[in-house]
Amino acid sequence: MKQEQVRMAVLLMLNCFVKATAPPPWPPSASSASFLDDLGDLGIAPLIRADEAGTARASADFGNLSVAGVGAPRLAAAAAVLYPSRPADIAALLRASCARPAPFAVSARGCGHSVHGQASAPDGVVVDMASLGRLQGGGARRLAVSVEGRYVDAGGEQLWVDVLRASMAHGLTPVSWTDYLHLTVGGTLSNAGISGQAFRHGPQISNVLELDVITGVGEMVTCSKEKAPDLFDAVLGGLGQFGVITRARIPLAPAPARARWVRFVYTTAAAMTADQERLIAVDRAGGAGAVGGLMDYVEGSVHLNQGLVETWRTQPQPPSPSSSSSSSFFSDADEARVAALAKEAGGVLYFLEGAIYFGGAAGPSAADVDKRMDVLRRELRHERGFVFAQDVAYAGFLDRVHDGELKLRAAGLWDVPHPWLNLFLPRSGVLAFADGVFHGILSRTPAMGPVLIYPMNRNKWDSNMSAVITDDDGDEVFYTVGILRSAAAAGDVGRLEEQNDEILGFCEVAGIAYKQYLPYYGSQAEWQKRHFGANLWPRFVQRKSKYDPKAILSRGQGIFTSPLA
């Protein structure tokens with residue numbers, strides 16, 4: 001009874017807060033007015049806003065592409081926003097939608113880091129997941145580390161950077177990350193969650209012990225590989241189509257204290273990718289060779305006329321005292337040498353970027369890292385004299401992209417349109433892609449953002465989960481490419497989107513069987529043909545029919561926009 005009284009008091013306080021802070025109410029569209037009236041009869045009514053400021057914010061995302069004014073927005077704005085105080089509020093909303101003859105769309109929104117409106121709910125309700133950690137003082141209770149069990153229970157709304165901090169306080173850490181940690185647990189697990197650790201540990205979805213999920217029919221389910229495994233596999237990498245993740249149990253390992261952050265410079269894609277593949281050759285038939293497994297993190301990037309916007313992702317913080325340049329990983333003298341090498345190489349260089357973790361309870365010593373570096377310098381086929389290294393805090397290395405974000409925000413270059421393109425490529429097509437795209441399409445214009453390229457091991461991915469990677473062509477290795485550009489000037493968005501289309505067209509002509517990561521397609525037919533294919537589409541539809549038959553969830557993805565049953 002006391003608990004319910006506290007809840008009602010919180011609802012009343014929130015209702016007063018919303019009324020005090022919201023601008024004048026925004027009239028809902030005719031299509032949404034009736035269901036908004038119905039929601040007024042629910043116990044969650046005080047948690048719902050339908051004002052223009054709230055719905056506009058919930059309908060925007062990191063991509064900012066509709067804001068850029070290039071063409072018409074692909075999706076209508078949300079009609080309302082739910083600010084839940086507990087998972088049961090989300091379940092009540094979904095049951096209310098499911099009970100209607102014409103169900104309204106519902107989408108969970110974490111940090112809004114999608115780039116094509118994937119988390120939008122056209123004429124429906126966006127769920128502001130961050131509210132779960134704010135209301136009732138519940139943030140701490142929704143992020144709990146079990147030292148004995150070696151896991152962390154994190155609410156779906158929790159940021160990975162906070163998961164890191166909570167775990168590190170106990171000398172522990174998750175092992176698989178994204179490069180940017182200011183994303184929600186539920187958001188990355190709905191896609192895959194990849195970074196330079198994925199070659200060894202798999203994506204984040206391969207590192208989950210248990211989930212709490214609310215399905216499209218409003219059922220609250222705890223699932224794992226042992227309990228409701230089909231739902232567990234469906235939700236992980238499921239693009240928000242089968243349920244809302246409200247809790248994830250993530251395994252932990254002893255945390256290192258430091259990271260040796262290194263860059264090896266190459267003049268050809270062939271040399272760099274060959275070395276990357278040697279470095280990730282762990283747990284593979286044929287052995288790891290002299291360098292396999294020596295690094296804990298392996299990525300790579302393409303150097304194309306870099307400036308602040310292009311290098312923000314991998315700048316150490318604070319800057320080296322010996323450097324006044326915008327790219328503080330290098331001294332001024334080293335940056336001049338790299339620029340000269342780039343000119344000799346025709347304007348394109350490749351950086352193999354890696355890290356070796358050390359210190360802490362179970363990590364190697366600094367002396368052991370020095371020995372590994374000696375082997376790497378000797379064995380890798382980089383340009384001699386072009387190896388750069390810094391020792392940084394482990395947590396600082398993982399959160400390095402945030403430092404770049406702060407620099408871009410200070411320069412007014414963060415909240416701009418981001419027409420990003422992320423691809424998975426078969427190993428057989430990566431060199432043709434490098435030749436046609438890095439040395440062709442992208443070389444004709446300024447880079448305007450980081451360009452990443454690195455390999456992963458197929459056997460670290462679970463094919464029962466919903467995430468889609470390149471077709472199994474018998475090759476253990478496949479690649480991810482991230483072309484992460486910012487449209488800072490007028491006219492950039494249209495030009496960059498046209499260039500993205502040109503890149504995809506090049507892949508089609510060259511026979512490179514790519515898959516989009518963080519995908520965006522304009523129709524269900526394209527999703528079926530280009531993304532899932534004949535083998536995976538039937539399973540995806542079957543799971544949708546089972547867990548969200550009225551296609552309420554995540555309509556912004558454009559996969560299902562009308563009920564299946």
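Quick reminder: no glycine exception, Cβ is built from N, Cα and C everywhere.
Of all Cβ atoms in the shown protein chains, 29 besides its own fall within 10 Å of the Cβ of ILE194 (FAD binding site). Look at Swiss-Prot and you will find ALA108, GLY110, GLY112, SER114, GLN118, ASP179, THR184, SER190, ILE194, ILE245, TYR517, SER554, GLN557 tagged as FAD binding site, backed by similarity to another entry.
Look at Swiss-Prot and you will find 74-255 tagged as domain 'FAD-binding PCMH-type', backed by sequence analysis.
Long-range C-beta contacts of ASN64 (N-linked glycosylation site), restricted to its own chain and to partners at least six residues apart, with a cutoff below 8 Å, comprise ASP415, VAL416, PRO417, HIS418. The DSSP secondary structure for ASN64 (N-linked glycosylation site) is coil. Annotated N-linked glycosylation site per Swiss-Prot: ASN64 (among others), in sequence order.
Taken from Swiss-Prot, the feature N-linked glycosylation site covers ASN464 (among others). A coil conformation is recorded for ASN464 (N-linked glycosylation site) in the three-state DSSP classification, outside any helix or strand.
Annotation source Swiss-Prot lists pros-8alpha-FAD histidine at HIS113. Applying an 8 A CB threshold to same-chain residues 6+ apart, the list for HIS113 (pros-8alpha-FAD histidine) reads ASP61, PHE62, TYR180, LEU183, GLY187.
The signal peptide feature in Swiss-Prot is assigned to 1-20.
Calculated from their C-alpha atoms, the gap between ILE194 (FAD binding site) and ASN464 (N-linked glycosylation site) amounts to 17 Å.
The recorded positions under consideration are GLN118, THR184, ASN464, GLN557. Their Cβ neighbour counts within 10 Å are lowest for ASN464.
Geometry remark: THR184 (FAD binding site) versus ASN464 (N-linked glycosylation site), CA distance 23 Å.
In this structure, the CA atom of GLN118 (FAD binding site) is 23 Å away from the CA atom of ASN464 (N-linked glycosylation site). Counted within 10 Å of its Cβ, the other Cβ atoms near GLY112 (FAD binding site) come to 23, all protein chains included. Between the C-alpha atoms of ALA108 (FAD binding site) and ASN464 (N-linked glycosylation site), the distance comes to 23 Å.
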